[in-house]
Amino acid sequence: MSRAAITLVRTGIILLWLYPLTPGRERKQTKWPVISDKPFIVVWNAPTANCKSVYGIDLGLDVFDIVANQNATFIGQNITIFYYDNLGYYPYYTAAGASVNGGVPQNGSLKAHLAKAQADMEKEIPLTDYSGLSVIDWEAWRPSWIRNWAKQAIYRQKSEELVREEHPRWPESQVTRQAQVEFEQEAQAFMGQTLKLAKGLRPSGLWGYYGFPCCYNSIDGMASENYTGKCPDVEKERNDRLGWLWRESVALYPSIYLNEQLRSSQRALKYVHHRVGEALRLAEVRENVSLPVLPYARIVYVSTMDILTQIDLVHTIGESAAMGAAGVVLWGNGDYARSQESCEVVKAYISGVLGHYIVNVTSAAALCARALCSSHGRCVRKDEGARIYLHLNPETFTVRRNLEPGGPHFLLWGNLAEEDLKRMQDSFQCQCYWGWKGTHCQESHSIEN
């Protein structure tokens, strides 16, 4: 245990009652921390094994409290991600317009898909008690008919063709209505039944779909200084109609990838804030327990290898933590380990700005949870729009490498000062974990799932 943690145990409980918490919006209980009993985690989801095996560069992820699979693979003990081509018989069209597995869900075989999906899950996740993040990344089509625009418009066109072939004399309006009904029914069947299967096979996994929910706040006006980032009301209504998906999910994985045009701007903060906020809203669809939300972020701007600025780490990781997310998943593709140079860039970022910021936020979240929430909940902003973050006070805390063998890779040195705790209590409230209640999550009770 670090000196900081020991000091917190000695002083935090005493100070806790000197400054009673002023409640913000009441929060439902949420599931216990997903990995390592930490209120906020950062998970590495990038195939960077080649950095060490080919170029001899150890990224040192564990040094900075980053959760990763052994050998930094896409599939492993802490996180597993399935794509369109390694889970069942997902129906889709190629970029050239060729049909695969039926093309549209109503033209695919759900029975064959589920049988193949079961075999794939059992192969990739052999342990029946697997309890890591379990993400399905299906992006070819969207389950809401109206959201299949641009490249996805082919799914509406092909769905209409199927109805037109069966009912050649129907007017176009009737064809479209029927095509929508058939598409959405089978889209729900493919996505919902896949989740049900997964939960039956690996019930402790945190199953959910990448990019869901999305509130489509990036379509217009992102370059404008007047950009608000707010989710359009119509998109929130469409998300409400996907209640079946949120009820079947075990965790939610919205995307908060930043484009270059948002670099170091307040627009980036607004973009992330409203996306995470919409996920947290939908996470409460269940009657008693809210779902954990783990946004997917990147350490580079979309379609570049330019690393995020420090303020954009605050806008993504920091904002997610302060709003009450259970963690952030850092996704990356093969570009990170494509060459010795790219590996060196990633390592330098992890060893510098990124790693130290992650340690700062994860440690602050843990300290706050212990001081305010009896270690039975996580700290969440009282004012959802405030610019207040779970950051360590640099005047009272430092992060140092631990050179002692067999111990943690870093130590927090410092004291949780009275003014630090007062600031936490003024700005944050507790969201209790399942089975606990009270202002400080100090009361044990039982609830039904």
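Glycine is treated like the rest: Cβ placed from N, Cα and C.
If you look up TrEMBL, you'll see 1-24 marked as signal peptide.
According to TrEMBL, the disulfide bond annotation covers CYS51-CYS343 (among others). For CYS343 (disulfide bond), the same-chain residues 6+ apart in sequence whose C-beta sits under 8 angstroms from its C-beta are THR48, ASN50, CYS51, TYR55, ILE57, LEU59, TYR336, ALA337. Annotation note: CYS343 (disulfide bond) sits in a helical segment as assigned by DSSP.
Residues or ranges marked as active site, proton donor by TrEMBL: GLU139. Using a 10 Å Cβ-Cβ cutoff, GLU139 (active site, proton donor) registers 14 neighbours. Following the DSSP three-state reduction, the secondary structure of GLU139 (active site, proton donor) is coil.
Annotation source TrEMBL lists disulfide bond at CYS215-CYS231 (among others). Within the same chain, residues at least 6 positions away in sequence whose Cβ sits under 8 Å from that of CYS215 (disulfide bond) are CYS231, PRO232, GLU235, LYS236, ASN239, HIS274, ARG275, GLU278. Secondary structure from DSSP puts CYS215 (disulfide bond) in coil.
Cβ neighbours of ASN360 (N-linked glycosylation site) (same chain, under 8 Å, six or more residues apart in sequence): HIS391, LEU392, VAL399. Annotation source TrEMBL lists N-linked glycosylation site at ASN360.
Taking Cβ-Cβ distances under 8 Å and a sequence separation of 6 or more, the neighbours of CYS368 (disulfide bond) in its chain are PRO39, ARG378, CYS379, LEU390, MET424, PHE428. TrEMBL lists CYS368-CYS379 (among others) with the feature disulfide bond.
Feature annotation from TrEMBL assigns disulfide bond to CYS373-CYS430 (among others). In sequence order, CYS379, CYS430, GLN431, CYS432, HIS440, CYS441 make up the list of same-chain residues 6 or more apart from CYS373 (disulfide bond) whose Cβ falls under 8 Å from its Cβ.
Among the features that TrEMBL reports, disulfide bond is placed at CYS432-CYS441 (among others).
DSSP assigns CYS368 (disulfide bond) to a helix. Cβ-based crowding with a 10 Å cutoff singles out CYS379 as the top-ranked of the disulfide-bonded residues CYS51, CYS231, CYS379, CYS432. Cβ packing within 10 Å was compared across the disulfide-bonded residues CYS430, CYS441, and the lowest neighbour count falls to CYS441. When secondary structure is read from DSSP and collapsed to three states, CYS441 (disulfide bond) falls in the coil class.
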